[in-house]
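Since the structure comes first, as structure tokens, the remarks are kept for the end.
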Amino acid sequence: MMQLRITENVHNWLFSVMPEGVASIVEMVLIAVVYLTIFAVAGLFLVLLERRVAAWFQLRIGPNRVGPQGLLQTMADAIKLLTKELTGTERADKFLYNLAPYFVIITALMALAVIPFSAEFHAFDINIGLFFLIAISSIGVIGILLGGWSSNNKYSLIGAMRSGVQTISYELSVGLSLLTMVVITGSLQLSEIIEIQKSGWLILQGHIPAVIAFMIFMISGTAETNRAPFDMVEAESELGAGFHTEYSGMKFAYFFLAEFINMFIISAIAATVFFGGWLSPFGITESIPELGVFWFLLKTMALVFLMMWFRWTFPRLRVDQLLTLEWKYLLPINLVNIVLMALLVWLNLTIRL
Amino acid sequence: MSYFSEIYKGIKTLLTGMSVTGKYFVTSRKGAITQQYPDNRDTLKMFDRFRGEVIMPHNEENEHRCTGCQKCEIACPNGTIEIIWDRGIDEATGKKKKKIDQFIYHLSMCTMCGLCIDVCPHDAIKWGQNFENSVYDRSTLTRVLNKPGSTLMQGVED
Amino acid sequence: METEILYNNFKSEEYFINMGPQHPATHGVLRLVLTIDGEIIKKVEPDLGYIHRSIEKMCERDSYQQIVHLTDRMDYLSANINNEAVCLAVENALQLEIPERVKVIRTIIAELTRISSHCLWWGVMGMDVGALTTYFYGFRDREMINDIMEETCGARLTMNYNVPGGLMLDIHPNFVKRVKEFVTHFKSKLPEYDRLLTGNVIFQKRTKGVGVLSREDAISFGASGPVGRASGYSCDVRKHHPYSAYDRVTFTEALHTEGDTYARYLVRIQEMWESLSIVEQLIDNIPEGEHRVSTNAVIKLPKGEYYQKVETARGELGVYIISTGTKNPYRLKFRSPGFSNLSLLNHIAVGGKIGDLVATMATLDLVIPDIDR
Amino acid sequence: MTDDALQNLIGGWFDDLEFTTEESQFLNVKVPREHLHALMQQLREHPETEFDYLFCLTGVDWGEELGVVYHLESTTKRHILVVKVTTADRENPELDTVCDIWYTAEFHEREVFDFFGIRFRNHPNLKRLFLTEDWEGYPLRKDYEDDVNMILH
């Protein structure tokens, strides 16, 4: 009830001291500030986590110098990047070149808005939540395309083109695998999807097709975020740094942070749609709703870890194999899977507790 | 059918790979290969034969074993060693005798090939295990190995 | 028909791209000028010389003892084998009788060097195809060999341990113990390499059928070492022209016939097993004796021409000395394996994608100082 | 094939070949440069010789003359032959290329051109390999002088 009280109290207090219009604006600004903070903190934390996890996979220690246990390492990196000179190529398209990082970061922020952290901690609960997420996540690629094209570097251009190909293909799988789950829920609204899962997480309710959908979602989600083994866009051993070769300083950091936030978002969607979001397992902490954030983050982080595990184990695919995987394997399986799920729902074979 | 068996096999190999990294993820804190270098200075001991730099050992009486025969200077492929020598008068016999004035060692040119030490007939020079040779000024890498005022150890040449 | 029209309408343009001299996949200062159509490689033209030090010219002014240390700096990953090549050439020219102990130790150290070079290659190979973790696993095992080398030879990479006439120092008392430790350690880790990378479906897709080199082309291009053997061309110098102690050990020459990137990968993995078995055969039977026969302080080779080939980790290294009877060679030529292996890159990379080129280059296992000399 | 058999066989192909095994562990044959390409072609294709592996191609400055030394091996018959060719023209030395016979010669001949200035006729891509295009002189020649970069004992 504590959480509820904080948001509601703030809301009530704001509306009591100011006229309605002003209060709404102030509230929006407050929410924006809160989300920006989440963005920054989550981004920095995820970078640190990635480096730590990578180190442990690789028999290393990882960052351990700045701050206790190296916790401030990414903060120090961010400060370093802030103070670095912003360089660029001479004949770059300056306007698009400067615009590109913001494209990437704004889409990441927008997607963050509809993620339900807990029952109350949910900034923007629209009824087309899932659809919104799918739509937004495909805008991010425009930033990458712009950045790659406008920096007037052949490596960047190749990276950007690869990114375009990749995102257009994997968009389908992301959408279809989520659609498979929508067949069960019958709703696109994220809060409602979670509500339905009170009678069992969707991955249990939909059992076989849901597991397949989850696997496809994780694969294509990894591809959507351009992470290894699908990091065709950066492919450091092939393209140097890919689309952000010519970016430096904070502009580079935007791309970098956005990648990690996107990873967080993909994991958060998976946690929400397949693993019941902020719901506790078997309802063990149903009486304490403020633990919702904890459960949500726990599930998300577990999935983030899975994505990191992929990254630090697998070799990279080649660009044509990437497309083969999508069009020859994921897409047909996905289509069959939707039919299977529809049959399941029609014949009432879903498992409900 | 081969389509599905291919998928199955593919996923299996991926999981095998993940089990390898997963095992190390769990156990790596014990088996980390990282050496935290400046912190482990106290425990870090180089092997006796480690080629860090060429040194010339002196005993307590400030005596070294170098007769100034210049074999090392000839053996060196890079001109790392320069010996400035002199003729002094041996006090015992009263004869003129070669002695070194300065044994100059350019560490910056040294490739650590070991030919000078290999060729030295009196073991006057040896390998030092110090490897922390970074300096701010390049000229400090040129060293005079014989200490000021040092003399030849008795009985080396015989 | 339809696609043809489509293709002709969208006439694509070829463009140049500079891979290197600073590029993560060229492992050093190799510059490749690529002509690319989209992602498809039309031409690869290597531009060399970024670290050419003219070692051959330097050899003409150095004495034979001094030449040895220069060879460390050619193929630095098999430095000891390079040293051995020069020493063998000089010893054969002088007709020196080399003690058995020296031969055995040289063989053990050469095989350890080969394993360490292949370990590094394996890590880098994984990294080039995108699996970053392999690098550290490869380096962990290589580190043990480096420690052995450091203890016995005094240096980790550029050892200069061989001298004409034998070895600079006798092996360290700990040598045998440490090598045995390493052999048991590495035997448990090598299957892990297979589980992590070799079997991986993505890795196989990336490497099978990529960069195919036929046997005839391999010979014509002078390919040697694992590159030649992966094409089914039996070119192991250790088998055909045995030197040191190779005539008394049993090992099989790793041969594959596919000639693609995956075959080259498998050959190197198999070679690590073979090297381990050679080390195991010899480590318990190091004969007692001198570690060095004395030579003149100034070595003068009799007038004539001497050629010595050895098998380094990358292939056949040839040392061709023309002597006029003075204390310096009149002309000294190193036939380096990397140089010939690089020359076939254009032949096998054309038609592939950029990713294929990187994978192919990784299995050619180029060491740029070896090419540039 | 033994060295003697090789000598008998090859000696019959051209008149003016000089054979020697002195001062070398292999059979050496010195060929006039006008016969170089024909001899090499024959060595590669003749079923008795089958020298399909050119394992070393060395440029040598013999003082008066510039020359190239070819080390040939047969991967089927495992015999080795060293072919030597020289040219007295130091100003504008020219030899025939063998890179149509062995692919590997392409790079090796570029290296020889780079360091000795020997031009190979019919070479498809004869340009500097290691040195820059505007480098003056040929560094591995014995008469090469470079006051700045050369250190001589």
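Glycine residues also receive a Cβ, built from the backbone N, Cα and C atoms like all the rest.
The transmembrane segment annotation in TrEMBL covers A:21-49 (among others).
Residues or ranges marked as transmembrane segment in TrEMBL: A:99-118 (among others).
According to TrEMBL, the transmembrane segment annotation covers A:130-150 (among others).
If you look up TrEMBL, you'll see A:170-190 (among others) marked as transmembrane segment.
Marked as transmembrane segment by TrEMBL: A:202-223 (among others). Same-chain neighbours of the transmembrane segment (A:202-223): 166, 169-170, 173-174, 176-178, 180-181, 184-185, 193, 196, 229-230, 266-267, 269-270, 273-276, 303, 306-307, 310-311, 322, 325-326, 330, 333-334, 337-338, 340-341, 344, 350-353, counting only residues six or more beyond its ends whose CB sits under 8 Å from a CB of the stretch.
The transmembrane segment annotation in TrEMBL covers A:252-279 (among others). Long-range contacts of the transmembrane segment (A:252-279) within its own chain (CB-CB distance under 8 A, at least 6 residues past either end) are made by residues 39-40, 42-44, 46-47, 50, 78, 81-82, 101-102, 104-105, 107-109, 111-112, 115-119, 130, 133, 137, 140, 143-144, 147, 178, 181, 190, 193-194, 197-198, 201-203, 210, 213-214, 217-218, 221-222, 224-227, 243-244, 292-293, 295-296, 299-301, 303-304, 307.
Residues or ranges marked as transmembrane segment in TrEMBL: A:291-310 (among others). Distant neighbours of the transmembrane segment (A:291-310): 3, 46, 49-50, 53-54, 57, 116-119, 121, 218, 221-222, 225, 227-229, 263-264, 266-268, 270-272, 275-281, 285; these residues of the same chain sit at least 6 beyond its ends, with a Cβ under 8 Å from one of its Cβ atoms.
Long-range Cβ contacts of the transmembrane segment (A:330-349) within its own chain (Cβ-Cβ under 8 Å, at least 6 residues beyond either end) map to 170, 172-173, 176-177, 179-181, 183-184, 206, 208-210, 212-213, 216, 219-220. Residues annotated as transmembrane segment in TrEMBL: A:330-349 (among others).
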